[in-house]
Amino acid sequence: MNVEIYSRRLETFRVTETIGRRPGLPPRSYRVDLRNRQCDCRRFQTLHYPCAHVVAACAKVNLNVEQFVEDMYTLNRTLRVWENEFPVLLDLSTWEVPPITFELVPDRGLRRNPRGRPQSTRIRNEMDIREKSDGTRCGLCRLAGHNRSKCPQRNYHVGQSSRSGRN
């Protein structure tokens, strides 16, 4: 990353990513404001944790990046959460279960049909309407009224091979 100092007093920087970009794409630039704890990538203000651009800016001016880590990410805060005692759970058979006052009934109309071919949900328009054709055509002779397996010229086509043209 390339870091340009805009204002040391206001702690603002322009950080340009030079590595990790695909060829042909221009490098991206991000404005980093350490005083207001903001970066254009929005990770810094969203996660309350320094992004790579903030780390690069701090390294440029020899600032300790740990001062920008929120207290909730520290080991002391994590240990304070887990220092509380949790009550021991009683045996599951001794739990009081309130009586069920209503019955959940599934709506069968919302279930999808698991059998058969899936139905298309596409909305069709005039582009999808095909012109009437004169039935199926043979794949060998291109005549209507029969298919490839019933073609009267089948024996003629089967007898030819790609080697018969060479001599």
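Using N, Cα and C of the backbone, Cβ positions are placed for all residues, glycine too.
Summarising the annotation, TrEMBL assigns domain 'SWIM-type' to 30-62.
Counting same-chain residues at least six beyond the ends of the domain 'SWIM-type' (30-62), those with a Cβ under 8 angstroms from any Cβ of the stretch are 1, 3, 5, 8, 10-17, 68-70, 72-73. Averaged over the domain 'SWIM-type' (30-62), the predicted model has a pLDDT of 93. Taken residue by residue, the domain 'SWIM-type' (30-62) breaks down under DSSP into 14 helix, 6 strand, 13 coil.
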